[in-house]
């Protein structure tokens, strides 16, 4: 099928390959990298783009601009945006002859990797492990050891899957379940219903799941409650808690980190309550017995340290707990109730050359089982998801991610080092595109690493960039300088909420309790699971000398098929502002208490007070009015509630940390509240989170006074 040509007012502004189209085959010998892998030479031959992935995903659009169209990067992207935003991601193949030389020294460029456990990135698996860990912590506090594995009718079962199945057919608050309910539960678990399987399933529920869920249900705290230490009487009933007077709470002695002592009114009460809980949840028979539903194998302790001083083994805050000699660990209520937060561990230091050899050896050894078969993109993708799903196999890989070009230098030529190289000022050079004409990021006061200054990424086979949207819902452009295929998955921006609902359905505990989970860049979800839940997913295979563009609010993720070197940066054409992505991105981050990287108000103010060729007055006016009216409304509200000193504070912007609200993390560009007792500040909406000092010590700092804001309303 031939490429489709789209027309607007000018001839053929874009060439576009449909999802059913294929790219032209690569020249002979260009499907894999050459043998001289340690050299600076690159294989930039065009590779064949698959028409479908192993998941049956359709390929996203691929564009082939001619030399004239390719002259203006932002202009060209603006033209194809109406098509690209329907897919979330697209690929752009430069015209023949465009091939900037990579500037990195393979033997001198050094970096540190991140370690990635393929299992732990998978959202479903992490939900299972998180539940298992929380149950384990609960029973640790009771001095009880858990079996390492559980069985029903010789079928291995994890407590999380059994809990979810019970919860879908009954209530976890019910201690005794009807026989017909157990029949449905076992049927859903594909376990034959017998008297033995009924007893084994019921025993697992009563021994492990019900006690833990009952504890969580009774002592679950709201999201807004603050856990300062575990000395708070978490084991009190509501009535018992109400009997402690305010005076008692204030005068009771607190934990002293120097002496490691915690005494006072709460200590004896909590110790008694711990003993009550042990009696309440301790079964009459031996918990670690070698019965028919579990192995009598001690569960590996999650910490090698002992806990003679009763500090939480996870957060290291004090915890009062009667811990038996058989189990030295103890955990505070917060670390039992809430899922732990997952993150990548740091890996080793490498040069590019050394890492390439390491990656090539790994890939060669791993795929040696395929003997003489060609290692295609399909094979690598299948193996990746097989490894993620296989509970009996654990594989760790390494990834050189988020390597700032401010520190290491870009792989593109730069004007500073290569002033006569034409690629140094090319609009597709990632050092240029963020601040080129047409990108609103040129109106940001200071460079932002990873946003206006590119980052480098060095991949190995199976290394992963997890599902995420770009900071502040901006566009991104990713260029591959060298190496093996980088597989991309993308979702249209208008399906972001559908994606979030799918994630909630897959892992409700994690998503509910970690509001910013999908913004942590540490979560993978199989495209099959997303498609089952009505999410449209597209894919692209990226090779050397190819660009991938992601669109605002588009969740995307991907897998490296081997050693490769990529570079990425963000940019923001005017439609990013005019279509509401700038403001909505800031509001979304504020709701998650997640720090943004850009200030929407600063951008709008700078555009309004400086001539901007990128955007007209009529286009900008609604956004100026929105920002000004919102700020004036906040000032009216604050002045009505509090009697604060006010000063004009023009230096507000010099240090980003000093104008970021310490509660909601949003940039408070026009005004902020400070106190003489500390250096931190908050936005006017969150003055109550600043400190407990008298209002006379607090000041409302204004970067822009009311009169100047009022003048902007006539913009």
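Glycine too: its Cβ is placed from the backbone N, Cα and C atoms.
The Fe cation binding site annotation in Swiss-Prot covers 468, 470, 556. Note: residue 556 (Fe cation binding site) has non-local neighbours 88, 89, 467, 468, 469, 488, 489, 490, 491, 550, i.e. same-chain residues 6+ apart with C-beta under 8 A of its own C-beta.
According to Swiss-Prot, the feature compositional bias 'Polar residues' maps to 32-44 (among others).
The annotation compositional bias 'Polar residues' is assigned in Swiss-Prot to 252-269 (among others).
As annotated by Swiss-Prot, domain 'JmjN' applies to 60-101.
The region 'Disordered' annotation in Swiss-Prot covers 21-53 (among others).
Positions annotated as region 'Disordered' by Swiss-Prot: 247-271 (among others).
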Cβ neighbours of residue 470 (Fe cation binding site) where a neighbour is any other Cβ within 10 Å: 24
Three-class DSSP secondary structure - residue 470 (Fe cation binding site): coil
Packing count at residue 468 (Fe cation binding site) (other Cβ atoms within 10 Å of its Cβ): 17
Helix, strand and coil counts within the domain 'JmjN' (60-101) (DSSP): 15 helix, 6 strand, 21 coil
Near-site residues: Fe cation, ref 468, 470, 556, CB cutoff 8 A to centroid: 467, 469, 476, 550, 554, 555, 557
